[in-house]
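One structure is given below, encoded as C-alpha coordinates.
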Amino acid sequence: MAPGAPSSSPSPILAALLFSSLVLSPTLAIVVYTDREVYGAVGSQVTLHCSFWSSEWVSDDISFTWRYQPEGGRDAISIFHYAKGQPYIDEVGTFKERIQWVGDPSWKDGSIVIHNLDYSDNGTFTCDVKNPPDIVGKTSQVTLYVFEKVPTRYGVVLGAVIGGILGVVLLLLLLFYLIRYCWLRRQAALQRRLSAMEKGKFHKSSKDSSKRGRQTPVLYAMLDHSRSTKAASEKKSKGLGESRKDKK
(Lines of atoms letter the chains of each structure in order from A and count residues from 1; the text may use other names and numbers.)
(Lines give C-alpha, C1' and ligand atoms only; values in the text may rest on other atoms or scores of the structure.)
Protein backbone atom coordinates (compact mmCIF):
# COMPACT_ATOMS: atom_id res chain seq x y z
CA MET A 1 0.00 0.00 0.00
CA ALA A 2 1.43 3.37 -0.98
CA PRO A 3 2.20 5.86 1.73
CA GLY A 4 -0.68 8.24 2.30
CA ALA A 5 -3.27 5.93 0.66
CA PRO A 6 -6.59 5.58 2.56
CA SER A 7 -6.99 2.48 4.71
CA SER A 8 -9.35 -0.22 3.37
CA SER A 9 -10.10 -1.68 6.84
CA PRO A 10 -13.69 -1.14 8.09
CA SER A 11 -14.36 1.62 10.55
CA PRO A 12 -14.61 0.48 14.21
CA ILE A 13 -17.97 2.25 14.52
CA LEU A 14 -19.35 0.48 11.45
CA ALA A 15 -18.12 -2.86 12.79
CA ALA A 16 -19.80 -2.23 16.15
CA LEU A 17 -23.09 -1.35 14.46
CA LEU A 18 -22.92 -4.48 12.32
CA PHE A 19 -22.19 -6.63 15.38
CA SER A 20 -25.09 -5.13 17.34
CA SER A 21 -27.50 -5.64 14.44
CA LEU A 22 -26.52 -9.29 14.01
CA VAL A 23 -25.94 -10.37 17.60
CA LEU A 24 -27.41 -7.93 20.08
CA SER A 25 -30.74 -7.44 18.29
CA PRO A 26 -32.01 -10.84 17.23
CA THR A 27 -35.52 -11.26 15.85
CA LEU A 28 -38.04 -11.79 18.63
CA ALA A 29 -40.16 -14.92 18.23
CA ILE A 30 -43.91 -15.01 18.72
CA VAL A 31 -44.98 -16.49 22.06
CA VAL A 32 -48.23 -18.47 22.40
CA TYR A 33 -50.03 -19.07 25.71
CA THR A 34 -52.66 -21.65 26.70
CA ASP A 35 -53.81 -23.30 29.90
CA ARG A 36 -51.85 -26.33 30.94
CA GLU A 37 -54.92 -28.43 31.72
CA VAL A 38 -58.69 -27.99 31.48
CA TYR A 39 -61.48 -30.14 32.91
CA GLY A 40 -65.01 -30.71 31.72
CA ALA A 41 -68.01 -32.89 32.46
CA VAL A 42 -69.71 -35.13 29.94
CA GLY A 43 -72.33 -33.20 27.98
CA SER A 44 -71.01 -29.78 29.08
CA GLN A 45 -68.80 -27.31 27.24
CA VAL A 46 -65.26 -26.09 27.78
CA THR A 47 -63.30 -23.09 26.53
CA LEU A 48 -59.79 -23.63 25.17
CA HIS A 49 -58.04 -20.31 25.67
CA CYS A 50 -55.22 -19.22 23.38
CA SER A 51 -53.42 -15.87 23.42
CA PHE A 52 -50.09 -14.66 22.14
CA TRP A 53 -47.40 -12.00 22.37
CA SER A 54 -45.73 -10.57 19.30
CA SER A 55 -43.24 -7.79 18.70
CA GLU A 56 -45.30 -6.79 15.65
CA TRP A 57 -48.69 -5.13 15.39
CA VAL A 58 -51.59 -7.50 14.80
CA SER A 59 -51.50 -8.19 11.09
CA ASP A 60 -54.46 -8.53 8.75
CA ASP A 61 -52.91 -11.84 7.74
CA ILE A 62 -52.89 -13.25 11.26
CA SER A 63 -53.89 -16.90 11.52
CA PHE A 64 -54.80 -19.35 14.29
CA THR A 65 -54.67 -23.11 13.95
CA TRP A 66 -55.94 -25.69 16.44
CA ARG A 67 -54.84 -29.32 16.27
CA TYR A 68 -56.03 -32.30 18.27
CA GLN A 69 -54.12 -35.42 19.34
CA PRO A 70 -56.29 -38.10 20.98
CA GLU A 71 -55.23 -39.58 24.30
CA GLY A 72 -52.78 -42.37 23.55
CA GLY A 73 -52.59 -41.39 19.85
CA ARG A 74 -49.51 -40.45 17.87
CA ASP A 75 -50.85 -38.24 15.10
CA ALA A 76 -52.46 -34.82 15.46
CA ILE A 77 -55.22 -33.63 13.15
CA SER A 78 -56.28 -30.08 12.33
CA ILE A 79 -59.72 -29.27 13.71
CA PHE A 80 -59.94 -25.47 13.34
CA HIS A 81 -58.33 -22.69 11.33
CA TYR A 82 -58.74 -18.91 11.32
CA ALA A 83 -57.36 -16.79 8.47
CA LYS A 84 -58.23 -13.62 6.54
CA GLY A 85 -60.78 -12.73 9.20
CA GLN A 86 -62.79 -15.93 8.74
CA PRO A 87 -63.04 -19.07 10.93
CA TYR A 88 -62.90 -22.48 9.26
CA ILE A 89 -63.91 -25.71 10.96
CA ASP A 90 -62.29 -28.82 9.52
CA GLU A 91 -64.64 -31.50 8.31
CA VAL A 92 -62.35 -34.23 9.64
CA GLY A 93 -62.98 -35.69 13.09
CA THR A 94 -65.79 -35.49 15.59
CA PHE A 95 -65.49 -31.78 16.40
CA LYS A 96 -66.87 -30.38 13.14
CA GLU A 97 -70.30 -29.61 14.61
CA ARG A 98 -69.19 -28.84 18.15
CA ILE A 99 -66.56 -26.10 17.78
CA GLN A 100 -67.37 -22.41 18.23
CA TRP A 101 -65.00 -19.52 17.54
CA VAL A 102 -64.96 -17.01 20.44
CA GLY A 103 -61.59 -15.36 19.80
CA ASP A 104 -60.78 -11.79 18.84
CA PRO A 105 -57.51 -11.22 16.94
CA SER A 106 -57.48 -7.51 17.83
CA TRP A 107 -57.16 -8.60 21.47
CA LYS A 108 -54.64 -11.32 20.55
CA ASP A 109 -57.19 -13.97 21.44
CA GLY A 110 -57.65 -17.21 19.49
CA SER A 111 -59.92 -19.13 21.87
CA ILE A 112 -62.49 -21.74 20.86
CA VAL A 113 -65.32 -23.53 22.67
CA ILE A 114 -66.04 -27.25 22.40
CA HIS A 115 -69.65 -28.19 23.09
CA ASN A 116 -71.23 -31.48 24.19
CA LEU A 117 -68.10 -33.05 25.62
CA ASP A 118 -67.57 -36.79 25.51
CA TYR A 119 -65.01 -39.18 26.99
CA SER A 120 -63.50 -39.59 23.53
CA ASP A 121 -62.50 -35.90 23.57
CA ASN A 122 -59.73 -36.58 26.09
CA GLY A 123 -56.44 -35.56 24.54
CA THR A 124 -54.06 -32.70 23.75
CA PHE A 125 -55.03 -29.57 21.84
CA THR A 126 -52.33 -27.41 20.23
CA CYS A 127 -52.68 -23.72 19.37
CA ASP A 128 -50.42 -22.25 16.67
CA VAL A 129 -50.35 -18.53 15.82
CA LYS A 130 -48.78 -16.72 12.86
CA ASN A 131 -48.65 -12.92 12.80
CA PRO A 132 -46.69 -11.98 9.65
CA PRO A 133 -43.94 -11.01 9.52
CA ASP A 134 -43.65 -12.60 12.98
CA ILE A 135 -44.12 -16.26 12.09
CA VAL A 136 -41.34 -17.90 14.09
CA GLY A 137 -42.22 -19.30 17.49
CA LYS A 138 -43.35 -22.31 19.48
CA THR A 139 -46.87 -23.63 19.76
CA SER A 140 -48.66 -24.11 23.08
CA GLN A 141 -50.56 -27.19 24.24
CA VAL A 142 -53.47 -27.77 26.61
CA THR A 143 -54.66 -31.17 27.83
CA LEU A 144 -58.39 -31.82 28.14
CA TYR A 145 -59.77 -34.23 30.75
CA VAL A 146 -63.44 -35.21 30.52
CA PHE A 147 -65.17 -36.70 33.59
CA GLU A 148 -68.69 -37.70 34.43
CA LYS A 149 -68.47 -35.11 37.19
CA VAL A 150 -65.67 -32.58 37.31
CA PRO A 151 -63.54 -33.38 40.40
CA THR A 152 -62.33 -30.74 42.77
CA ARG A 153 -58.69 -30.25 42.06
CA TYR A 154 -56.10 -30.63 44.79
CA GLY A 155 -54.81 -27.14 44.16
CA VAL A 156 -58.25 -25.65 44.67
CA VAL A 157 -58.70 -27.53 47.96
CA LEU A 158 -55.23 -26.55 49.16
CA GLY A 159 -55.84 -22.93 48.21
CA ALA A 160 -59.15 -22.94 50.06
CA VAL A 161 -57.52 -24.41 53.18
CA ILE A 162 -54.67 -21.89 53.11
CA GLY A 163 -57.13 -19.06 52.51
CA GLY A 164 -59.26 -20.21 55.45
CA ILE A 165 -56.25 -20.38 57.77
CA LEU A 166 -55.09 -16.92 56.71
CA GLY A 167 -58.61 -15.60 57.24
CA VAL A 168 -58.74 -17.00 60.78
CA VAL A 169 -55.29 -15.56 61.58
CA LEU A 170 -56.30 -12.14 60.28
CA LEU A 171 -59.53 -12.29 62.28
CA LEU A 172 -57.63 -13.16 65.47
CA LEU A 173 -55.15 -10.34 64.88
CA LEU A 174 -58.00 -7.91 64.30
CA LEU A 175 -59.73 -9.07 67.49
CA PHE A 176 -56.47 -8.73 69.46
CA TYR A 177 -55.84 -5.18 68.26
CA LEU A 178 -59.47 -4.25 68.92
CA ILE A 179 -59.28 -5.51 72.51
CA ARG A 180 -55.94 -3.79 73.01
CA TYR A 181 -57.32 -0.54 71.62
CA CYS A 182 -60.33 -0.66 73.95
CA TRP A 183 -58.10 -1.44 76.95
CA LEU A 184 -55.72 1.42 76.15
CA ARG A 185 -58.62 3.78 75.67
CA ARG A 186 -60.10 2.77 79.01
CA GLN A 187 -56.73 3.21 80.72
CA ALA A 188 -56.36 6.66 79.19
CA ALA A 189 -59.84 7.66 80.37
CA LEU A 190 -59.07 6.38 83.87
CA GLN A 191 -55.79 8.28 83.90
CA ARG A 192 -57.53 11.48 82.85
CA ARG A 193 -60.12 10.98 85.58
CA LEU A 194 -57.44 10.45 88.23
CA SER A 195 -55.57 13.51 87.03
CA ALA A 196 -58.76 15.57 87.21
CA MET A 197 -59.42 14.34 90.75
CA GLU A 198 -55.88 15.22 91.82
CA LYS A 199 -56.22 18.68 90.32
CA GLY A 200 -59.57 19.13 92.07
CA LYS A 201 -58.09 18.20 95.45
CA PHE A 202 -55.18 20.57 94.89
CA HIS A 203 -57.45 23.47 94.01
CA LYS A 204 -59.69 22.73 97.00
CA SER A 205 -56.77 22.62 99.42
CA SER A 206 -55.45 25.85 97.94
CA LYS A 207 -58.81 27.55 98.43
CA ASP A 208 -59.03 26.29 102.02
CA SER A 209 -55.53 27.55 102.76
CA SER A 210 -56.28 30.95 101.30
CA LYS A 211 -59.56 31.10 103.21
CA ARG A 212 -57.81 30.21 106.45
CA GLY A 213 -55.17 32.78 105.64
CA ARG A 214 -57.82 35.45 105.21
CA GLN A 215 -59.66 34.42 108.42
CA THR A 216 -56.55 34.53 110.68
CA PRO A 217 -56.12 38.36 110.77
CA VAL A 218 -59.84 38.78 111.47
CA LEU A 219 -59.59 36.42 114.41
CA TYR A 220 -56.57 38.27 115.75
CA ALA A 221 -58.37 41.58 115.36
CA MET A 222 -61.44 40.30 117.18
CA LEU A 223 -59.24 38.91 119.95
CA ASP A 224 -57.40 42.24 120.35
CA HIS A 225 -60.70 44.09 120.39
CA SER A 226 -62.10 41.85 123.14
CA ARG A 227 -58.92 42.27 125.17
CA SER A 228 -58.96 46.03 124.88
CA THR A 229 -62.68 46.13 125.74
CA LYS A 230 -62.06 43.98 128.80
CA ALA A 231 -59.16 46.19 129.92
CA ALA A 232 -61.24 49.33 129.51
CA SER A 233 -64.08 47.77 131.49
CA GLU A 234 -61.73 46.79 134.32
CA LYS A 235 -60.18 50.25 134.35
CA LYS A 236 -63.60 51.87 134.51
CA SER A 237 -64.67 49.61 137.38
CA LYS A 238 -61.51 50.42 139.29
CA GLY A 239 -62.03 54.16 138.83
CA LEU A 240 -65.58 53.96 140.15
CA GLY A 241 -64.36 52.09 143.25
CA GLU A 242 -61.74 54.71 144.05
CA SER A 243 -64.22 57.53 143.67
CA ARG A 244 -66.59 55.90 146.12
CA LYS A 245 -63.76 55.57 148.68
CA ASP A 246 -62.94 59.26 148.36
CA LYS A 247 -66.55 60.27 149.05
CA LYS A 248 -66.57 58.32 152.23
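Residue numbering: from 1, along the chain as shown.
Each residue, glycine too, has its Cβ placed from N, Cα and C.
As given in Swiss-Prot:
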| type | residues | note |
| --- | --- | --- |
| COMPBIAS | 224-248 | compositional bias 'Basic and acidic residues' |
| DISULFID | CYS50-CYS127 | disulfide bond |
| DOMAIN | 30-143 | domain 'Ig-like V-type' |
| CARBOHYD | ASN122 | N-linked glycosylation site |
| MOD_RES | SER210 | phosphoserine |
| MOD_RES | SER226 | phosphoserine |
| MOD_RES | SER228 | phosphoserine |
| MOD_RES | SER233 | phosphoserine |
| MOD_RES | SER237 | phosphoserine |
| MOD_RES | SER243 | phosphoserine |
| SIGNAL | 1-29 | signal peptide |
| TOPO_DOM | 30-153 | topological domain 'Extracellular' |
| TOPO_DOM | 180-248 | topological domain 'Cytoplasmic' |
| TRANSMEM | 154-179 | transmembrane segment |
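In the domain 'Ig-like V-type' (30-143), the DSSP tally of helix, strand and coil residues is 6 helix, 60 strand, 48 coil. Ranked by Cα separation from SER228 (phosphoserine), the recorded positions CYS50, ASN122, CYS127 are led by CYS50. On a Cα basis, ASN122 (N-linked glycosylation site) lies 18 Å away from CYS50 (disulfide bond).
Only residues 6 or more beyond the boundaries of the transmembrane segment (154-179), in the same chain, are considered here, and none has a CB under 8 A from a CB of the stretch. Same-chain residues at least 6 positions away in sequence with a Cβ under 8 Å from that of the residue listed as 'N-linked glycosylation site' are, in sequence order, PRO70, GLU71, LEU144, TYR145, VAL146. In sequence order, VAL32, THR34, LEU48, CYS50, PHE64, THR65, TRP66, GLY110, THR139, SER140, GLN141, VAL142 are the residues of the chain that are 6 or more apart from CYS127 (disulfide bond) and have a CB within less than 8 Å of its CB. Counting every protein chain shown, the number of other Cβ atoms lying within 10 Å of the Cβ of SER228 (phosphoserine) is 10.
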